[in-house]
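Structure record follows, encoded as structure tokens.
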Amino acid sequence: MLGAMEGVLLSVATSEALLGIVGNTFIALVNCMDCTRNKNLYNIGFILTGLAISRICLVWILITEAYIKIFSPQLLSPINIIELISYLWIITSQLNVWFATSLSIFYFLKIANFSHHIFLWLKRRINIVFAFLIGCLLMSWLFSFPVVVKMVKDKKMLYINSSWQIHMKKSELITNYVFTNGGVFLLFIIMLIVCFLLIISLWRHSKWMQSNESGLRDLNTEVHVKTIKVLLSFIILFILHLIGITINVICLLVPENNLLFVFGLTIAFLYPCCHSLILILANSRLRQCFVRILQQLKCSEEGKEFRNT
């Protein structure tokens, strides 16, 4: 039975999950409709759609596992359930970070101003960059899946008496954790580097504007600032997401600790909920569609009130 604070936090986490699902579904639908209308799916549309779908799946996995853990923990006892959740988690979490990193690199190559020949070569061959990122994702899965298979088959991960029991040494646990999440950390480091390079590009562009005695912020500066804000918001929210997931993993090892578990869940859901709203507000096409829908809803409500009077 949940306490009052646990119930409040679970309600907040559920609300965040629903908002995340609605926001990411909106992003995916808008890009799919644009694809159908234009008979073509551009790189940015593909990345945003994939990011939205991966986040929807991630939210469903987290919220489903959380409700099962709190209200029906015995459902997690079968080995095949543990194996299925582990595989789905690896696929969705790494896909989510992969699409987010691809989005940051796409913006970086389109917006940044560098004269280095490597940057110019990458800018002209953006498809090769995405092919390299796909290779990183596949290599990450190649390392992650065998580790999970071995842990499950050797029965080193069992759910007994409302708690997880992991039968392995601390060094082995750390090694397995690194192998299963190495791809996520690698992609996240790439995103940090991209954000740092964008800040350098903005600083160099601002310095160039000052040397030309221009006191006005041009369009390039505005785009730089907006993109850096989106990337920084992702980095902050994703770090909070990782903290929340870490809290949940720790709580899975400790029975009857629902308050800390739900608190970690609330922190973890800030990322898919808030960042989808940031993407909608930062992308002009998504923002226009969102405003149009709100206007239509407002007009329909006013029409109902007019008919009732």
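Glycine is no exception: its Cβ is also placed from the backbone N, Cα and C atoms.
As written in TrEMBL, here are the features:
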TRANSMEM  7-29  transmembrane segment
TRANSMEM  41-63  transmembrane segment
TRANSMEM  75-91  transmembrane segment
TRANSMEM  97-114  transmembrane segment
TRANSMEM  126-149  transmembrane segment
TRANSMEM  178-203  transmembrane segment
TRANSMEM  230-255  transmembrane segment
TRANSMEM  261-282  transmembrane segment
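Long-range contacts of the transmembrane segment (261-282) within its own chain (CB-CB distance under 8 A, at least 6 residues past either end) are made by residues 6, 9-10, 12-13, 16-17, 19-20, 23-24, 26-27, 48, 52, 55, 58-59, 62-63, 66, 69-70, 226, 229-230, 233-234, 237-238, 240-241, 243-248, 250-252, 290. Using the rule of three or more Cβ pairs under 8 Å, pairs at least 6 apart in sequence, the transmembrane segment (126-149) is in contact with the transmembrane segment (75-91). Sequence-distant residue pairs (6 or more apart) of the transmembrane segment (97-114) and the transmembrane segment (7-29) include fewer than 3 whose Cβ atoms are under 8 Å, leaving the two stretches without contact. Here the transmembrane segment (41-63) has long-range neighbours at 13-14, 17, 20-21, 24-25, 27-28, 31-32, 34-35, 85, 88-89, 92-93, 95-96, 99-100, 102-103, 106, 126, 130, 265, 268-269, 272, 276, 279, 283, meaning same-chain residues at least 6 beyond its ends whose C-beta is under 8 angstroms from one of its own. Proximity of distant same-chain residues to the transmembrane segment (178-203), defined by a Cβ-Cβ separation under 8 Å and at least 6 residues beyond the stretch ends, is recorded for 90, 93-94, 97-98, 100-101, 104-105, 107-108, 111-114, 133, 136-137, 139-141, 143-144, 147-148, 221, 224-225, 227-228, 231-232, 234-235, 238.
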